[in-house]
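**Q** First the structure, then my questions, so here it is.
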Amino acid sequence: MANLRIEVISLFPEMFSAISEYGITSRAVKQGLLQLTCWNPRDYTTDRHHTVDDRPFGGGPGMVMKIKPLEDALAQAKAAAGEKAKVIYLSPQGRQLKQAGVRELANEEALILIAGRYEGIDERFIEAHVDEEWSIGDYVLSGGELPAMVLIDAVTRLLPGALGHADSAEEDSFTDGLLDCPHYTRPEVYADQRVPDVLLSGNHAHIRRWRLQQSLGRTYERRADLLESRSLSGEEKKLLEEYILARDDS
């Protein structure tokens, strides 16, 4: 049995091959950690043109996705995933997806993601069937497929066994409320730039402190807003103070 089952309702299910066939998410699918199924509302239309959209009442540009094909696709998705599956609509009006929210969603047994198109979907469908709306940022995309894939990728990384190293997810940016530290690989010197000596020292305590200090410093410089909502330990305060002093002296 999969750790997480995700059903996606989309007019472009082929796009989700990027999830099922490549990278970490593909490995999770093959290992049975993630089960991903797509449902196309066009398959639940009854007219010869497979119509899934219509003009908006009140006029205006664009088209709106119709209720009935979405409802029928959702019924099939719920039959597969179970009635308790959380129904999520990817929408600019939704709660912004951050790492804390990703952790919440990773604890669900099943998710049903609705990827809208055109000007959106009929509001009555949202009111009747959607549990939560989520957004990946304050900008406009052509549809909900890319946000759905972002959500799936982020959630999959937190599934036990999905990553090659047990600590990888815990060391990602934002997991501890901080940006990630710099990373280096061979060669030790490239274009006269050396890898920091501490990373070559073999002293794991010093390496841990250096990485934590770099994470704190980067967050302070690039996303200070993250520090406002995070309580720093005594060690973290000291490391950040040292980082700022060293930067100002250089």
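Keep in mind that glycine also has a Cβ here, set from the backbone N, Cα and C atoms.
Keep in mind the model is a prediction, meaning the values are calculated, not measured.
According to Swiss-Prot, the record shows the following:
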BINDING   Gly116, Ile136, Gly137, Asp138, Tyr139, Val140, Leu141  S-adenosyl-L-methionine binding site
**Q** Let me make sure I understand the span of the S-adenosyl-L-methionine site: among Gly116, Ile136, Gly137, Asp138, Tyr139, Val140, Leu141, what is the greatest distance between any two Cα atoms, in Å?
**A** 16
**Q** Pick from Ile136, Val140, Leu141: which of these binding-site residues has the biggest number of other Cβ atoms within 10 Å of its Cβ?
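**A** Counting every other Cβ within 10 Å of each candidate, the maximum falls on Ile136.
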**Q** Ranked by the number of other Cβ atoms within 10 Å of their own Cβ, which of the binding-site residues Gly116, Gly137 ranks first?
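**A** Top count of Cβ atoms within 10 Å goes to Gly116.
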**Q** I'd like the Cβ neighbour count for Asp138 (S-adenosyl-L-methionine binding site), meaning other Cβ atoms within 10 Å of its Cβ, all protein chains included.
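**A** Summing over all protein chains shown, Asp138 (S-adenosyl-L-methionine binding site) has 7 other Cβ atoms within 10 Å.
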**Q** Three states by DSSP: which one describes Gly116 (S-adenosyl-L-methionine binding site)?
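**A** It is coil.
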**Q** What is the number of other Cβ atoms found within 10 Å of the Cβ of Tyr139 (S-adenosyl-L-methionine binding site)?
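**A** Here the count is 7.
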